[in-house]
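For reference, the structure discussed in these notes is given below.
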Amino acid sequence: MQLRLGEPPLTQAECALVYCFAPSGENATFSLPAEIASLDEKVWSGLVAEAAQEQKFQGKPNSSLALRLPGPIRKLVLVGLGDPAALTLEALRRATANGLRQAHSLKAKQVVLSLPDTGLDQVRAVQAVAEASLLVAHQDNRFKSPPKPEEERGFSVEEVTLLVPGLAQARQDYENALQRATEMAAGTILARELVAAPANVVTPPALAETARQLAQDYGLEVEILGREECQALGMGAFLGVAQASDLPPQFIHLTYKPKEGDPVAKLALVGKGLTFDSGGLNIKTDSRSIAMMKTDMGGAAAVLGAARALAALKPQVEVHFIVAATENMISGRALHPGDILTASNGKTIEVNNTDAEGRLTLADALVFAEKLGVDAIVDLATLTGACVIALGEEIAGLFTPDEKLAQELQQAANLSGEKIWRLPLEESYFEGLSSTVADMKNTGPRSGGSITAALFLKQFVEKTPWAHLDIAGPVWAEKDSGYTNKGATGYGVRTLVEWVLAREMAAASS
């Protein structure tokens, strides 16, 4: 999809997408935006107002009205924004996606989008609209047969022009917003396609090859450690999980460094990279659950997607992207329940459940990240079903002992529209991981499972500010919603990018 900028007025278009606010105040009635009301009176003889009244369109959130009309605008989509005082960037994204889905239903190819005065930061609003446009248009047909000549496939909208009041006065700011949106969307789409691909396509070596390609395309440093190199570093927890698979484990370390000048911050992003999780000898017995275990590398996908976006945006921040990639399989070499592993920080772990393997791989990845001397570490993992039970399928759980980092990530999530909710690191719960034969077990009691999982990870970070995002819920969507299509969501990419960019901005202003 092509994105362009333009200035009002809206005079001619194949398809126009117009935002409408709901009436506010007692006894207030809905009225069309002025530019559409004028065209309706002069050109359309009141057809739009009549249709809005008949369809009871009132500009409410999640509402829309799609019409075919005589020129100069042949297709018109009205989308509701609701109460202007309650408008958020995420509501604007969702309304944009809703409108573009309607434009698709009208088979529109070129859409002109008239951005009103939203009361929000207008540059941020342009970025939000552009993100939604690019993400809703993404359709993953890689594994389908080519369409027949008469078969329509893909999103019809090919070009979106954003009409922005006052464009000339701040054109470069708006162009920068489009670039940020474009790169964030590209990173999100990379993450979506990694998660959506089956485990016979996205293997540990395939993830490593993706990292190598990113390094080649964007000038990143890349280090891929195999089994022997990981053994030399004492990564017994990671390798214990990997030992049953016929595919080699791959420890991926990508680094972005600014081309000129010293970095203003040094950060690490760590992603869980289980390309398939059978559960090991504690095998997953639910067929639906095991079929979805191709998604267990959603954290790795988010980290690689963020690498793609940040390498293109070029912040003055050094960022390390770390993934311990493997499968969790069953074979004669498989990890047994009761086995004891030694992580690279010397701590020993009694494995009382081989299906709690992600935290074992993350343990060595977190130790590796801290040794880099970074200012902060954020890990993302499809870690626990308990977090999905607690927060549902749209919200990630945030765990951190660091108040500043918690606030930073919440602010980044507010900007991206990716929902997070902070959960407690209740230290007394760590008693549930106590072992009589090792320093700790890898799982505790059923209750508080997402908390004990986070407390387990905490044992592998000594002093560096650290946060853990449990993304087991939002990594996958069971239906179209807003700018997210059914399937892999690419969750986490935009929040990570916003966090890194905010760190850069904070350093520049201090």
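For all residues, glycine too, the Cβ spot is worked out from N, Cα and C.
Source: prediction; values computed, not measured.
Mn(2+) 2 is bound by LYS272, ASP277, GLU357 in Swiss-Prot, and the record lists one more residue there from ASP296, ASP375, ASP379, which is ASP296. In sequence order, VAL241, LEU274, ASP277, GLY280, ASN328, LEU335 are the residues of the chain that are 6 or more apart from GLU357 (Mn(2+) 2 binding site) and have a CB within less than 8 Å of its CB.
Cβ proximity to the Mn(2+) 1 site centre (mean Cβ of ASP277, ASP355, GLU357, cutoff 8 Å) flags the following additional same-chain residues: VAL241, LEU274, SER278, GLY279, GLY280, ASN282, LYS284, MET293, ASP296, ASN328, THR354, ALA356, GLY358. Within the same chain, the residues at least 6 positions away from LYS272 (Mn(2+) 2 binding site) whose Cβ sits under 8 Å from its Cβ are ASP296, MET297, GLY298, GLY299, ALA300, VAL323, ALA324, GLY358, THR361, LEU362, ASP379, LEU380, ALA381, THR382, LEU383, listed in sequence order. Comparing Cβ neighbour counts within 10 Å across the binding-site residues ASP277, ASP296, ASP355, the minimum falls on ASP355.
The CA atom of ARG359 (active site) is located 17 Å away from the CA atom of LYS284 (active site). Calculated from their C-alpha atoms, the gap between ASP355 (Mn(2+) 1 binding site) and LYS284 (active site) amounts to 8 Å.
Shown in sequence order, ASP277, SER278, ILE290, MET293, ASP355 are the residues of the chain, 6+ apart in sequence, with a C-beta less than 8 angstroms from the C-beta of LYS284 (active site). For the Mn(2+) 2 site, the Cβ centre of LYS272, ASP277, ASP296, GLU357 serves as reference, and the other residues of the chain with Cβ at most 8 Å from it are GLY273, LEU274, MET293, MET297, ASN328, GLY358, THR361, ALA381, THR382.
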